[in-house]
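Okay, structure first, notes after.
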Amino acid sequence: MTLPLLGPMSLSGFEHPWFFLFFFVVIGLVALYIVVQLARQKRMLRFANMELLESVAPKQPSRMRHLPAVLMILSLVSFTIAMAGPTHDVRIPRNRAVVMLVIDVSQSMRATDVAPNRLTAAQEAAKQFADQLTPGINLGLIAYAGTATVLVSPTTNRESTKTAIDKLQLADRTATGEGIFTALQAIATVGAVIGGGDEPPPARVVLMSDGKETVPSNPDNPKGAYTAARTAKDQGVPISTVSFGTPYGYVEINEQRQPVPVDDEMLKKIADLSGGEAFTASSLEQLKQVFTNLQEQIGYETIKGDASVGWLRLGAGVLALAALGALLINRRLPN
């Protein structure tokens, strides 16, 4: 949590937990204070002239006189927590990652169950995704129907990606597996160029489709979608699938209506096999929200940040109050 004036504070993820041994010192000080107070009380009871004692001493000494000591102990507790090095989760933009946006442009994407049609709505949401994605991420674009084509190699230039999205054209058949394999090849190519470390940059495939794979007919074939998803899993590239459309979509072929219901099941299995996550959307608004959620997941990474400063500030503030209280209540610093 983050508190005003103090900053982030946490009670987890300690980097130097051995500093908690200092709590034994704090406990010792508490015990010493109690012993001193009891001894002080005994000395007062041995006062020779009890009548004089009752006349000069308050009948019930104020408990406020213990406040400075309590505050000092609390400040030591706060300082001990700070020295133990607590951490908290910090989200920072990624600047070394690759995302391949793979869009289905088969004929079923001209269905009008999503206004004005599936492809146009997908184009609008995809361009929003490109705009929202953090600037340091390399974004590429692949369109697939019967074959897959890399329209934009992974780049931080969002304008080129959006221009290519606007130019998407419908084609026959649906080769989802080829679209995934093409994305994996593009990721491997750019990863070798921008590696910048011992490991390749983190990568993700975002697959948007509305229907079942038709080429090949069996998704478990060597070039099928399920085989491609397993390959993505082996390469450490999760696939986020977005199934887009409704069960009532249709297209007209030779003046006859051909049902093209969305196939959520296949896309979910692709995501599961790859270690990714499946999303569904049946309207443009839902699709935009899905891409916003994806941007939040992909565009940022969570790291451990220091959360000790807040405890140091709290300890210093409480210690100052202890000193002030000692001067006002006891007219001296607590001992």
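Indices start at 1 and increase along the chain as displayed.
Cβ atoms are placed via backbone N, Cα and C, with glycine included.
For reference, Swiss-Prot has these:
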DOMAIN    98-294  domain 'VWFA'
TRANSMEM  18-38  transmembrane segment
TRANSMEM  67-87  transmembrane segment
TRANSMEM  309-329  transmembrane segment
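Sequence-distant contacts of the transmembrane segment (67-87), counting only residues of its own chain at least 6 positions beyond either end whose CB sits under 8 Å from a CB of the stretch, comprise 9-20, 22-23, 25-26, 29-30, 33, 304-309, 311-312, 314-316, 318-319, 321-323, 325-326, 329-330, 333-334.
For the domain 'VWFA' (98-294), the model gives a mean pLDDT of 94.
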